[in-house]
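For reference, the structure is listed below as structure tokens.
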Amino acid sequence: MLKTISGTLALSLIIAASVHQAQAATTYNAVVSKSSSDGKTFKTIADAIASAPAGSTPFVILIKNGVYNERLTITRNNLLLKGESRNGAVIAAATAAGTLKSDGSKWGTAGSSTITISAKDFSAQSLTIRNDFDFPANQAKSDSDSSKIKDTQAVALYVTKSGDRAYFKDVSLVGYQDTLYVSGGRSFFSDCRISGTVDFIFGDGTALFNNCDLVSRYRADVKSGNVSGYLTAPSTNINQKYGLVITNSRVIRESDSVPAKSYGLGRPWHPTTTFSDGRYADPNAIGQTVFLNTSMDNHIYGWDKMSGKDKNGNTIWFNPEDSRFFEYKSYGAGAAVSKDRRQLTDAQAAEYTQSKVLGDWTPTLP
């Protein structure tokens, strides 16, 4: 017995030493810490990013635990932000679409983002990105209160059309309305947690989510029996094969306070767009959301419709059956098979592998 215990202890020490050596072997080009600053340690993430040399060689920044109240726009290719821990290293800001700039104009949805990615080969690992706009407090205000913000979209992460091959590993995205905006290129989210209320994953980009938690939040401002929100609002162009693809993941509630059948899996967003003959809902935005092998709690009721404006400014409705909304082997209390929840065949589901969705890109960390 003593020999067995000794052998086990020795093996544990070897494993621990190997892990320590692997961590120690990681090379960081810059370190961000709330507590110290020297030639290679910065107090803000923005300063650390600014220290990266021109070019596209990999540049890795370690972010020590702490809350960093910053708004960042990433334009440098091949940058990795690596947190000390997912819950400990937090990047946060509190801007809504209706928040006013110094010149009196509104930030708008895209402008509200805590982090904006306009670069190729960006990566983030083991950190949290939050938009701390206080949606519940704002909704609790009277409509006659002049301080109440009407445009409550508040983006935590925005991948722009200039971004491509954006990789997020073990990252938490926290917000309410419009938490994650994927507008361009390809993004991959692995082992992530994304929480919100209304359309909290949206856009026309290609984004693959694997082994992620999609968390629907409680809304005190919604009356019992009414819809609280929607997980996705894709605006995928009809000529684009892939939109929002969720595989091997979990659709869960923030708490038991989130009512049954209060959240839709998605609704079709046809963004108002300027054309040669006017400004109206984009008819070519035939959004795609697909859930494969994903568990669903009982707060899910299915898909929903979404409104837009026609050429004359009249309200029109876009229905889920006219979009590319599908499921494959959903399970759990919120799963169902019906004419309103279309299912993929085995052959169709085989078209949604990582290599097919992401094409010639295999996500790796620097």
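Glycine residues also receive a Cβ, built from the backbone N, Cα and C atoms like all the rest.
Same-site candidate for substrate binding, as annotated by Swiss-Prot with Q153, R219, N226, Y230, R267, W269, T272, chosen from T99, T109, T114, T315: T109. The separation of D178 (active site, proton donor) from N226 (substrate binding site), Cα to Cα, is 19 Å. Here the CA atom of R267 (substrate binding site) lies 13 Å from the CA atom of D178 (active site, proton donor). Sequence-distant contacts of T272 (substrate binding site), defined as residues of its own chain at least six apart whose C-beta falls under 8 angstroms from its C-beta, comprise R279, Y280, A281, D282, G308, K309. In this structure, T272 (substrate binding site) is part of a beta strand by DSSP.
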